[in-house]
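Copied over from Swiss-Prot, here are the features:
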DISULFID  97-189  disulfide bond
CARBOHYD  5  N-linked glycosylation site
TOPO_DOM  1-25  topological domain 'Extracellular'
TOPO_DOM  47-54  topological domain 'Cytoplasmic'
TOPO_DOM  76-99  topological domain 'Extracellular'
TOPO_DOM  121-139  topological domain 'Cytoplasmic'
TOPO_DOM  161-197  topological domain 'Extracellular'
TOPO_DOM  218-237  topological domain 'Cytoplasmic'
TOPO_DOM  259-271  topological domain 'Extracellular'
TOPO_DOM  293-311  topological domain 'Cytoplasmic'
TRANSMEM  26-46  transmembrane segment
TRANSMEM  55-75  transmembrane segment
TRANSMEM  100-120  transmembrane segment
TRANSMEM  140-160  transmembrane segment
TRANSMEM  198-217  transmembrane segment
TRANSMEM  238-258  transmembrane segment
TRANSMEM  272-292  transmembrane segment
């Protein structure tokens, strides 16, 4: 067996989002549309930032990486989910399942920390504007990004290593559209106490630390904004931060609802719907939120469109 050292199961069957035949094809086209918008939006924003020298600032450096992360983890999940709508039996090998789990967790944890890095960047820009380029130097930005991906790797390794130590017997039906922690633990035939403990500790850190960082950053930002005399300056500061607050609320709200509930009380079907927000909706909305509410991005896009129109 391919995985006999840790499991009696060599493949899993993904139950998918729903088992109702009448909605499978409509859902396929709906989520295919979501995925196309996600890919076009995030790759478009990445291209726009690379092509426009005015966007080569710390703020857009982090936004560039946010779009990269959104594109990657959406691509880890969505293609397999789409297959569940058109195949009678959507199977995935044990190795494929563990690989999907690792990369999904890597990108999701990285997203939580890139959002906190973006909040810190906005704090420095608004509260210490004169020292902004010194504080957020290329070296500092690189170290922050290294920390973001380092935490992503650590979180993914912790969960995946623990999952590979779990024994799976006859039950290989995963009540989900992807290989995620809690649905996989439902298939285990041995104690999952250690895994559940790791979920609460590691997920608590991966959600708690960024959330605290973001709350502190925005508390200081709001305090600073209220001391701005001009209405125009105050409005500009609020506009700069509002898009980030919306993205943060969607991502952390749905993630906390999925993972920080007692395992025994978790309704998995409810969890599947909740997980759609951070696996499908958030990656699709992020480029729209940051583009439609960002004057610099809209100006840069108009310049490129005008340049192409007259070339």
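Each residue, glycine too, has its Cβ placed from N, Cα and C.
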What stretch, picked from 26-46, 140-160, 198-217, 272-292, has the most CB pairs under 8 A with the transmembrane segment (100-120)? 140-160
So which one is it: of the disulfide-bonded residues 97, 189, which has the fewest other Cβ atoms within 10 Å? 189
Per DSSP, residue 189 (disulfide bond) is which: helix, strand or coil? coil
Residue distribution over DSSP helix, strand and coil in the topological domain 'Extracellular' (76-99): 17 helix, 3 strand, 4 coil
Close approaches to the topological domain 'Extracellular' (76-99) from elsewhere in its chain (Cβ under 8 angstroms; 6 or more beyond its ends): 2-3, 7, 9-17, 24-25, 27-28, 31-32, 34-35, 38, 107, 160, 163-164, 174, 177-179, 184, 279-280
What residues elsewhere in the chain lie close to the topological domain 'Cytoplasmic' (121-139), defined as a C-beta under 8 angstroms and at least 6 residues from its ends? 58-59, 62, 217-218, 220-221, 224-225, 237, 240-241, 244
Model confidence over the topological domain 'Cytoplasmic' (121-139), averaged pLDDT: 91
